[in-house]
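**Q** Sharing a structure, written as structure tokens. Questions coming.
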Amino acid sequence: MHLKMIIDDAMMKQVLGFSTMTSHWLLFGLLVAGCSLAFASDPSPLQDFCVADQNSTVFVNGLVCKEARLVQADDFFYSGLQLMGNTSNAVESAVTPVTVEELPGLNTLGISMARIDFAPQGINPPHTHPRATEILTVMEGRILVGFVTSNPQNRLITKELQKGDVFVFPEGLIHFQKNVGNGYAVAIAALSSQNPGVITIANAVFGSNPDIAGDILAKAFQVDINVVYQIQSKF
């Protein structure tokens, strides 16, 4: 009986030790996951504001703060979204961004916006924002919008919007807009980063500097290489 008690006690210690180790690893995993979520988007401000010092030569992940005593109301102000953008271009649309580059007070606040103007049948061509989700509100006209899910489904999710309608494009996914009305259309977009970035797919693929090798694109798009060269010549 005494020997059995000793064995049982030893086994219990092993179980408790394993349970404690498991708990420690579980806690560590939760902490790592929490940190990943915390740094998944723009960092949160650690003070009332951090107006971007656009004259600073210091390079950091984001922009250096201007001294608080030098901050003025104009650092939080932008004027111009009432003006229509110039749609006289190949895609017949114009994007007027208001990011931290245009509005220094956005620094560390994790938000920006843009006005998008469309001539009749104009498009905002397929593109992606690598650092932001976008929410679009139609101010005037009828706009067809859509985005494509990631591989392997590559599902197209699309809808026609009217004045006052709102649509959201998940972060990083390729999306587009097209004016399907007879007149001009206007939309306002809000984005979840002070610097959302934009990659226009056609420009990036066919207008890279230097060019992506023609044989690579010909095989990727399953077309003759001369078709690739023709498209590249337009960018």
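Any Cβ shown, glycine's included, is placed from N, Cα and C.
All TrEMBL annotations are machine predictions without curation.
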**Q** Mind checking which of C35, C50 has the disulfide with C65 in TrEMBL?
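**A** Out of the candidates C35, C50, the one TrEMBL links to C65 is C50.
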**Q** Using a 10 Å radius around its CB, how many other CB atoms surround H127 (Mn(2+) binding site)?
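**A** Summing over all protein chains shown, H127 (Mn(2+) binding site) has 20 other Cβ atoms within 10 Å.
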**Q** Tally of helix, strand and coil residues over the domain 'Cupin type-1' (88-229) according to DSSP?
**A** 22 helix, 56 strand, 64 coil
**Q** Near H129 (oxalate binding site), which recorded positions out of C50, C65, H175 have their CA within 10 Å?
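**A** Correct set: H175.
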**Q** Specify the nearest of the binding-site residues N124, H127, E134, H175 to C65 (disulfide bond), where nearness means the distance between Cα atoms.
**A** E134
**Q** What are the non-local neighbours of E134 (oxalate binding site), defined as same-chain residues 6+ apart in sequence with CB under 8 A from its CB?
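**A** In sequence order, V168, F169, H175, A189, A190, L191, S192, P196 meet the Cβ cut-off.
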